[in-house]
Amino acid sequence: MENSFKAALKAGRPQIGLWLGLSSSYSAELLAGPGFDWLLIDGEHAPNNVQTVLTQLQAIAPYPSQPVVRPSWNDPVQIKQLLDVGTQTLLVPMVQNADEARKAVRATRYPPAGIRGVGSALARASRWNRIPDYLQKANDQMCVLVQIETREAMKNLPQILDVEGVDGVFIGPADLSADMGYAGNPQHPEVQAAIEQAIVQIREAGKAPGILIANEQLAKRYLELGALFVAVGVDTTLLARAAEALAARFGNSSSISMAKQNNNSVY
């Protein structure tokens, strides 16, 4: 039950990831094969639920790629269910301050360190109580990544970084750019300056900085600055753009021209 993704972040080894939004165990297993270090199962913007997350965790399990799960919200009940089906690494969206970061951490810990309910006899996470001392070991293997996606969260970043149990901080460039007044343009110089400053600040605090960006040049720039978990693509976008390009090569250029309008997108 060792969380190798958490261990890699702690050791300072950069982890390259891919975003999963197709909500399919079949495509999740397909994408566990190319060699990405981690795969993000998105429960915030993709049509996932606990059952679909479970099937994707099962599909990814035989492969080296490590699953990270994003719940729809910083909700202890939802987090409890995701942990019980086997999630060990969570990416918690829209964390605005230290109190919300503490709430996320406490939701992943059994008492007295937190509020996670004990139901290991029913849980895939404990292999239905077949893992010896699971209740004693589980807390240390939980990896909590919190998302900062607004100017308020950026302002509160020093306090968020002080929260014990926060392993990493993920900068959400799409929502951050919108909050800064540059919706759809995360590559705006002001947004980029804020992102770069945050990456350095997070790393200096001994936490792991993370981000999603499909622009290869920017992804490499963030890695140079010290980002440790970087998602470099999204399954839905990869499929859509490849299909559009194939159609265009056979004379249908309408869909590919529409895609070209979104060159500044995170995805």
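Counting starts with 1 at the first residue shown.
Heads up, the Cβ atoms here are built off N, Cα and C, so glycines get one too.
Features reported for this protein in Swiss-Prot:
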ACT_SITE  His45  active site, proton acceptor
SITE      Arg70  site 'Transition state stabilizer'
SITE      Asp84  site 'Increases basicity of active site His'
BINDING   Gln147, Ala174, Asp175  substrate binding site
BINDING   Glu149, Asp175  divalent metal cation binding site
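When secondary structure is read from DSSP and collapsed to three states, the residue listed as 'active site, proton acceptor' falls in the coil class. Ranking the recorded positions His45, Arg70, Asp84 by the distance of their Cα atoms from the Cα of Gln147 (substrate binding site) places Arg70 first. Neighbours of the substrate site: apart from Gln147, Ala174, Asp175, residues of the same chain with C-beta atoms within 8 angstroms of the site's C-beta centroid are Pro93, Met94, Glu149, Ile171, Gly172, Pro173, Leu176. When the Cα atoms are compared, Glu149 (divalent metal cation binding site) and Ala174 (substrate binding site) turn out to be 8 Å apart. Spacing of Asp84 (site 'Increases basicity of active site His') relative to Ala174 (substrate binding site) is 30 Å (Cα to Cα, whole number). Taken residue by residue with DSSP, Glu149 (divalent metal cation binding site) is part of neither helix nor strand, so it is coil. Cβ environment of Ala174 (substrate binding site): Glu149, Pro186, Ser265, Val266, Tyr267 lie under 8 Å away, each six or more residues apart in the same chain.
Among the residues Gln147, Ala174, Asp175 said to bind substrate, no two Cα atoms are farther apart than 12 Å. Look at Arg70 (site 'Transition state stabilizer'): DSSP puts it in a strand. Neighbour counts of Cβ atoms within 10 Å were compared across the recorded positions His45, Arg70; the minimum falls on His45. Taking the Cβ of Asp175 (substrate binding site) as reference, residues of its chain lying under 8 Å away and at least six apart in sequence are, in sequence order, Met94, Glu149, Thr150.
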